[in-house]
Amino acid sequence: MFSSIEVENLVSSATLELVVVEGNLQLCFLILFRGNQKYIKKGKLSYKTHQAIVLIVTFLAYTSYHASRKTTSIVKSALDPQSPDIGLKFPWRITYLSSPAENKRVSWVLGDGWAPFNRSDGSTLLGELDVAFLAIYAFGMYFSGHLGDRMNLRIFLTVGMVGTGLFTSLFGVGYWANIHSFYYYLTVQMIAGLFQSTGWPSVVAVVGNWFGKKKRGLIMGIWNAHTSVGNITGSLIAAALLSYGWGWSFVVPGLLTAFIGLLVFLFLPVSPESVGDDIEEEKVDSHRKNGEEATEPLLGSDNEIKEKAVGFIEAWKIPGVAPFALCLFFAKLVAYTFLYWLPYYICRTAIEGKYLSSETAGNLSTFFDVGGVLGGILAGHISDQLDARAITAATFMYCAIPALYFYRTYGHISLAMNIALMFICGMFVNGPYALITTAVSADLGTHSSLKGNSKALATVTAIIDGTGSVGAAIGPLVTGYISAKSWSAVFKMLMGAALVAGLLLTRLVVAEVAARVSEPRHQGQGGSQSTSRDAELDV
């Protein structure tokens, strides 16, 4: 065995090739890890390079989370042949319900489904898996944020990703192990949801540590595309592997998530402070150039404050957290209702007098995600330009109301009209959802009331997204009951939810409008506007 000092000497003097030749693989990996850590600590990479690394690594991390999460919806038709086939399949083509039934079978390998999901209550059991996953995910989110602010986020995120990969794979292992117990799959899905709850608070906290408020909305709006990229990637992987056995559709995304988790452990710099003093100074200089030093409380001078994490109740009391969290409850209710029910709705709505096949409906529904990507970018950019997160989020939610009405009323006229209106719905529904879960969460997690305490990002993010996830679980569940009677009633519920989401931000909107009106007077008096956003959230 080699001592720590000997390893450091080898890192600085010996070559890696020599170690490999000697066959000491343990020492080789130790040198690689120590050398990488030493390289980062010395700050040889610039501040902007570290920012790029953070964006890329966290983008891949959450893409893998969504890819592993999406597989269940793709494999549903294989587990229960009677359930709606909402998988994404290529090549993209228009087919109708008149297609021969045998063409809809996924593969002879899958036979007649998989017990217990191929029974008459199979769709109900699959729905219970979805609800259980979302419920545990939302419940775990609160605890994950609390733990994330008290642990090394790099290690915390790695554990979450490896655990997610493991239990996603264990769901697929049931295929080869010939497991037909519903409670096995329910338990595995619930634990996977618990591990997945570690992801969002962690990645938002890390990105929030590296990017100031000046362009945070635009950057996070673009970065938030990982949600749609993950959904599409997961769909492609799961659909491509179904013909080899549905177990592969879980195991491969699971292994991919675990592998990216290892990359997170090796390469993710959690904050400028964790990298070195030089990078920390570069950060301060960068924020000063952008006029952000007064609003950037990430680098406090009081070490005692920085070491003490913000409590759960204390985080709820941060100005703006409660209204944005409740707003996201209703915004995510609308978004996840579309996520789970849009393909089902499309294939049961006559477009140009014809009913589309479930395969085509699944393909068509991806335009909602594409619109969501654009909406997230636009919402982030507009909120940066206006310096008004609440105004932007509320405006998007209000615009979602007529968009939902027009889609329900005129979406059946033609395929082109359906796609265009669906795209617009995705833009207005997912725009504020993306803004609140990214830039707003990061802003509130570094609010001036925290007095430089950086130990609140994960907790605040978890509170906001956890509350939203409760709505994400309730929306699809309620839709299942209402849609049996009337889809018009479902859309009325969604429009009402969008209205309530906007109204919940009214006080913040009024404060931001007042701040915009008073800006010329303050500027004329030589006052600083650097703390305007935090002042608006103090309502």
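Just so it is clear, glycine is given a Cβ too, placed from its N, Cα and C backbone atoms.
What you see is a predicted model, and the numbers here were worked out from it, not measured in a lab.
Quick look at what TrEMBL lists:
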type: DOMAIN; residues: 56-514; note: domain 'Major facilitator superfamily (MFS) profile'
type: REGION; residues: 520-539; note: region 'Disordered'
type: TRANSMEM; residues: 12-33; note: transmembrane segment
type: TRANSMEM; residues: 45-65; note: transmembrane segment
type: TRANSMEM; residues: 125-143; note: transmembrane segment
type: TRANSMEM; residues: 155-177; note: transmembrane segment
type: TRANSMEM; residues: 183-211; note: transmembrane segment
type: TRANSMEM; residues: 250-268; note: transmembrane segment
type: TRANSMEM; residues: 321-342; note: transmembrane segment
type: TRANSMEM; residues: 362-383; note: transmembrane segment
type: TRANSMEM; residues: 390-407; note: transmembrane segment
type: TRANSMEM; residues: 413-435; note: transmembrane segment
type: TRANSMEM; residues: 456-478; note: transmembrane segment
type: TRANSMEM; residues: 490-510; note: transmembrane segment
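Taking pairs at least six residues apart, the transmembrane segment (321-342) and the transmembrane segment (362-383) share three or more Cβ pairs below 8 Å and count as touching.
Sequence-distant contacts of the transmembrane segment (155-177) (same chain, at least 6 residues past either end, Cβ-Cβ under 8 Å): 61, 64-65, 68, 71-72, 114, 144, 147-148, 184-185, 188-189, 191-192, 195-199, 202-203, 206, 245-251, 253-262, 264-265, 268. Between the transmembrane segment (125-143) and the transmembrane segment (183-211) there are at least 3 Cβ pairs closer than 8 Å, counting only pairs 6 or more residues apart in sequence, which means the two stretches are in contact. By the count of Cβ pairs under 8 Å, the stretch nearest in packing to the transmembrane segment (456-478) among 45-65, 250-268, 362-383, 490-510 is 490-510.
Ranked by Cβ pairs under 8 Å to the transmembrane segment (413-435), the stretches 45-65, 250-268, 362-383, 490-510 are led by 362-383.
With a cut-off of 8 Å between Cβ atoms, the residues of this chain six or more beyond the transmembrane segment (45-65) that come close are 39, 157, 161, 164, 196, 199-200, 203, 206-207, 210-211, 219, 223, 226-227, 229-230, 233, 253, 256-257, 260-261, 263-264, 267-269, 272, 275, 279, 282-283, 286. Remote same-chain partners of the transmembrane segment (490-510), defined as residues 6 or more beyond its termini with a Cβ less than 8 Å from a stretch Cβ, comprise 320, 323-324, 326-331, 333-334, 337, 341, 345, 390-391, 393-395, 397-398, 400-401, 404-405, 407-408, 429, 432, 471, 475, 478-479, 482-483, 536-537, 539. Remote same-chain partners of the transmembrane segment (250-268), defined as residues 6 or more beyond its termini with a Cβ less than 8 Å from a stretch Cβ, comprise 33, 36, 53-54, 57-58, 60-61, 64-65, 67-68, 71, 75, 154-155, 157-162, 164-173, 206, 234, 237-238, 241.
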